[in-house]
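One structure is given here, and the rest of the page talks about it.
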Amino acid sequence: SCNEAAKYEKKVMVLDFVTPTPLGTSWGLGGTCVNVGCIPKKLMHQAALLGQALQDSRKFGWQFPEEVKHNWMTMTESVQNYIGSLNWGYRVALREKKVTYENAYGEFVGPHTVKATNKRGVEKLYTAERFLIATGERPRYLGIPGDKEYCISSDDLFSLPYCPGKTLVVGASYVALECAGFLAGVGLDVTIMVRSILLRGFDQDIANKIGEYMEEHGINFIREFVPIKVEQIKEGTPGILKVTSKSTKGNEIIEGEYNTVLLAIGRDACTRKIGLDKVGVIINEKTGKIPVNDKEQTNVPYIYAIGDILQDKLELTPVAIQAGRLLVRRLYAGATTKCDYVNVPTTVFTPLEYGACGYSEEAAVEKFGEENIEVYHSHFWPLEWTVPSRDNNKCYAKIICNIQDSERVIGFHVLGPNAGEVTQGFAAAMKCGITKEQLDSTIGIHPVCAEVTTKCGKSSPGTAEVKSPSLVFQSDTA
Amino acid sequence: MATLWRRRERFLGVLGRLCRTVRALSGKNEYDLLVIGGGSGGLACAKEAAQFGRKVAVLDYVEPSPKGTKWGLGGTCVNVGCIPKKLMHQAALLGSALKDAQHYGWNIAQPVHHTWSVMAQAVQNHVKSLNWGHRVQLQDKKVKYFNMKGSFSDPHTIRGLTKAGKETIVTAENIVIATGGRPKYPMHIAGALEYGITSDDLFWLKESPGKTLVVGASYVSLECAGFLTGIGLDTTVMMRSIPLRGFDQQMASLVTEHMECYGTKFLKRCFPTKVEKLEGNRLQVTWKNTDLGTEETDCFDTVMWAVGRAPDVKTLNLDAVGVKTSSETGKIIVDASEATSVPHIYAIGDITEGRPELTPTAIAAGKLLARRLFGQSSELMDYDNVPTTVFTPLEYGCVGLSEEAAVQCYGSDNVEVYHAYYKPLEFTVAERDATQCYIKMVCLREREQRILGLHFIGPNAGEVIQGFALGIKCGATYPQLMKTVGIHPTCAEEITKLHITKRSGLDATVTGC
């Protein structure tokens, strides 16, 4: 947003400050995505995928010693170096666009006034005509003995200066599953402790397939338990921690020993300590999130908010970017376009990637009624997995159509390699209102995974899914 | 002997007349549909027709290549095209992945060696499983399969010949020709036929081709040269003029530029004059360099011709029934319903004039034809905006018009080109060069800004383009794409962020996370 505003020759200032984690981790300019989110996550996911590629490559004729080991420090150093270059890049960009940047913690102290406190405690006051709050979120802790002292969060994981070793991941969010996925992919012993369901809010049929795949590939799941105590048995980098957990269904108590415990149970908005009460900005007391109108305006007319702190909006980088840019254009360039939050695509970068856009099957059924939607689906086997004989019936695509609206596509789900690349274009098609008929009349590119979307057949009511012949047979589902 | 032969011919003539008489008397052909050619188009058409409860037969026959290579049911795509190509391309990509892996923390000693025979065996085994799968599918769908070479006796009668010379006469109400094409040999070059191979042979080689010269500038040439380089072989591409004729030329240049950085040698504006065999089975190739006006030679283990494909019509005996072919290309001329100049005879796939030579279009055309013949459908095949991908080391996916075609069609003042140079996230840590990673969207300039063409060079280009092809099918416009939120971090999201036009002259390099 700052860069956009500066384009219109507005005097702009950015305050950015990272409160260190309980274990002392901190980072530079760029926010969650760049430092402790999307970027390092995808790079580590890539490291895990390369581990799989190594194994596949033998079947394709490549020769090297049987066992190849992974070095955590080499990976983390490379990732951190790249992040460092991004932090630097952002500082340069702000400078070039003449945006004033201060590495200081900002909080409102009165109308149109903020106080900025830097690392050394030096305070300064600034006034502005308008304010934009984009403070994002931080990982939540369990509130049990030992959590802040001994557990880490995603804030710490990506720059951990030692290999985490045998890891317990607590949580069932995409953060939990993505992290558990790449940790296992680089060869670590990983257990995921899930209180109830996986990927709440996502299509549950797909969420279960993701969990199944991870389990089949060596990740342990402990279902329906929550940790109640974390103790340190041995100090070290990593040390040994003892985790005591209680069943959600009864009184059973279990204990386990791990080198690292990673908490990924949710994120809390950074809105409680920035003086919002001093200027009268209403927040949702329970969640801490800020309700805004469709122009991203809070209840205080000169204060706006975007990104992860917004109530009822998606916690995604591209959404935040889009909202920010459009907001500034509306404020300073006379534009009227509002951010379109409908059919925002997303991808979960678990070992088997999941790309989605639009309604989950259950949400579609709830909104439109089961008799008014048609679900087309197909399993497929990526050609690249045939030679190494991998998982011949795990990849899956599902398209949900609204019968009452010319069978318009209202939900798209794909489980398979490069799900993000596959889903992006599909999201654009959904933005154009694609119908099943148009989908069927589009020619597939052969041989790629994405072509399965042009070949999905109806799901038969009741029991087993319709299994279409695998992709490699130039599938001809009726 | 001569007498016996003549008697046999007369017998055949009698048999043929008998068939026709029987048919004329009973008014019944043996099959509702006979498909000549068991490839992508042929099999799809046959299976679809069988779904309507029709009596269907498929004739498939592979004439061995000059080097003696042959294969089973499934056609070019399955045996000597898309499938083995993509698998070998994957082998090459995995070679790059092995190099990347070190940067990501995997302790793997470089350089890593590749064994051709392990890869070839795995690929060939997979192809054979597909041959088998196709035979099973035909059986399941009750389509009769003849491993025979077919030719026309009359518009409803096909003479099938087995390898051993045994003959079968088959009659059908409707006949679909889907015999595809085969690689051309440059017959005017001495030694081309005796010493060179083509893509028909490459995928079935049991031993490594070694130091290879690939002659041609088609996607077949570049894709093959690409994966040969990727698995560690000394590879050279010889091109007479431009690469990827018919494709967007800016994109074609980026593709070849990347290949050059990647290690493939290029002999540009050169054409071979002769191929000779040396002692020890090496081949000496002599060529003319048209730029320098010089003649040069070098030695190779293998010379592969990728100079185009010719339609497989010669042995069909089309003259006997009057099916018209193009005098320029030799391909069969069809109308929008895939009908030839002879009633009840149709043609689909690579054999047809003016159609894209792609598996998915052949399959779609075959299915729609079957539905029109037997399923009361009137839906014609739409050949517009067919997406495709060239699987070179850095892949190139596209849909719609090239920039030059758009400019020619609408005029440069009416066309807006948005573009961007981007860097895939995965290349950063791997320290890979992303100079040729580039996206270009060609739009109409007027208010709506409808998208005429989209071009993407980068990893997984096919996966990226497929969804956008769907959008273009719906008449997608530039504003609609800009309203689409990106998925982060992917390469595809860069398409939703295109905002620099060529017209502005501004730097099109993507910055930021």
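Cβ coordinates are placed from backbone N, Cα and C, and glycine is handled just like the others.
Note that the structure is a prediction, hence the values are computed from the model and not measured.
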Residue from A:GLY84, A:GLY89, A:GLY256, A:GLY266 that TrEMBL also lists as binding NAD(+) with A:GLY171, A:ALA172, A:SER173, A:TYR174, A:VAL175, A:ALA176, A:LEU177, A:GLU178 = A:GLY266
Query = Which of these ranges is annotated region 'Disordered' in TrEMBL: A:227-247, A:458-478?
reply = A:458-478
Ask   = Should any of the recorded positions A:CYS33, A:CYS38, A:LYS42, A:ASP308, A:HIS446 have a Cα within 10 Å of the Cα of A:LEU177 (NAD(+) binding site), which are they?
value = none
Note = A:GLY106 (FAD binding site), DSSP three-state class -> strand
Ask   = For the recorded positions listed here (A:LYS42, A:GLY106, A:GLY266, A:ASP308, A:HIS446), which one has the lowest count of neighbouring CB atoms within 10 Å of its own CB?
value = A:GLY266
Request  = Using C-alpha positions only, work out which of the recorded positions A:SER173, A:VAL175, A:HIS446 is nearest to A:CYS38 (disulfide bond).
outcome  = A:VAL175
Neighbour-count leader, CB within 10 A, recorded positions: A:CYS33, A:CYS38, A:VAL175, A:LEU177 = A:LEU177
Remark   = The rounded CA-CA distance in Å from A:HIS446 (active site, proton acceptor) to A:SER173 (NAD(+) binding site) is 34
Key: Of all listed binding-site residues, namely A:GLY106, A:SER173, A:VAL175, A:GLY266, A:ASP308, those lying near chain B with CB under 8 A   = none
Ask   = Within 10 Å of the Cβ of A:SER173 (NAD(+) binding site), how many other Cβ atoms are there?
value = 21
Task = Provide, as an integer number of angstrom, the distance between the C-alpha atoms of A:SER173 (NAD(+) binding site) and A:ASP308 (FAD binding site).
result = 15
Key: Extra residues within 8 Å (Cβ to Cβ centroid of A:GLY171, A:ALA172, A:SER173, A:TYR174, A:VAL175, A:ALA176, A:LEU177, A:GLU178, A:GLY266), NAD(+)   = A:VAL169, A:CYS179, A:LEU199, A:ALA264, A:ILE265
